[in-house]
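Chemist: What TrEMBL records for this protein is below:
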type     : residues : note
TRANSMEM : 52-72    : transmembrane segment
TRANSMEM : 84-101   : transmembrane segment
TRANSMEM : 121-142  : transmembrane segment
TRANSMEM : 154-182  : transmembrane segment
TRANSMEM : 188-206  : transmembrane segment
C-alpha cells in the first residue's frame with residue numbers, strides 16, 4: 001500500500017529553485033550536476049536525440065533517489081519490483097524502436113543482419129538478432145531488480161547474523177557488523193551505478209535508432 005508514497009517522495013525531497021536572482025549553494029550544485037550529467041549522456045547523440053534530455057535526466061534522478069531511499073531502515077524500495085522496472089523499461093525501449101522504424105527504417109532493419117554474413121546463416125542470424133532486440137527491455141528491468149534485491153538480501157542476512165552472534169561471540173559479531181558497514185557502502189554505490197546504467201543503456205538504444 002505504501003508504493004504510492006515511496007514513488008512520490010523522491011520528487012518532494014529535491015530543492016526547487018526560488019524566484020531570487022541568486023540561488024543557494026545546494027540548488028546551484030544540483031543544477032551543475034544535472035547539467036554535467038545531461039551533457040555527458042547526450043554527447044554521442046545527434047541533435048534529434050536531445051529532445052530526450054529532460055526525460056532521461058529526470059528518470060536517472062528518480063531512480064537514484066528511489067534506490068538510495070530504499071537503503072534506509074523500514075523503507076520499501078519500489079525498484080526491487082520487476083513490474084515497476086518493466087513498466088519503465090518496455091515503453092522507453094519501444095519508443096526508441098518506433099523512432100528508428102519511423103525515421104530510418106532501412107538502417108533500423110539493417111541492424112538485424114550484420115554486413116558480410118554468409119547466405120546460409122542469414123535466416124538464423126535474423127532470428128537471433130530479433131530475439132536479442134526483444135530481450136533488451138527484459139535485460140534492463142531484470143538487471144535493476146536483481147542487483148538491488150541481491151544487495152538488500154545480503155544486508156538482511158548479514159545484519160541478522162550480527163544480531164544473533166552478539167550474545168554468543170561478541171568479537172565475531174563486531175567483525176560481521178564491520179562487513180555490514182562496508183556492504184552498505186557498496187550498496188550505495190550500486191544504487192547510483194544501476195540508475196546510471198539503466199539510463200545509459202536507454203540512451204545507447206536511442207543512439208542506435
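The backbone N, Cα and C atoms fix where each Cβ goes, and this holds for glycine too.
Whatever TrEMBL says is automated annotation, not expert-curated.
For the listed features, I'd like the structural context: burial, neighbours, distances.
Modeler: Sequence-remote contacts of a segment are chain residues at least 6 beyond its ends whose Cβ falls under 8 Å from one of its Cβ atoms, and for the transmembrane segment (52-72) they are 6-7, 9-11, 13-14, 34, 37-38, 41-42, 45, 78-80, 88, 92, 144, 148, 152, 155, 184, 187-188, 190-192, 194-196, 198-199, 202-203, 206.
Listed as Cβ neighbours of the transmembrane segment (84-101) (distance under 8 Å, sequence separation of 6 or more from its ends, same chain) are residues 3, 55, 59, 78, 107-109, 133, 136-138, 140-142, 144-145, 198, 202, 205-206, 208-209.
Sequence-distant contacts of the transmembrane segment (121-142) (same chain, at least 6 residues past either end, Cβ-Cβ under 8 Å): 82, 85-86, 88-90, 93-94, 97, 111-114, 198, 201-202, 205.
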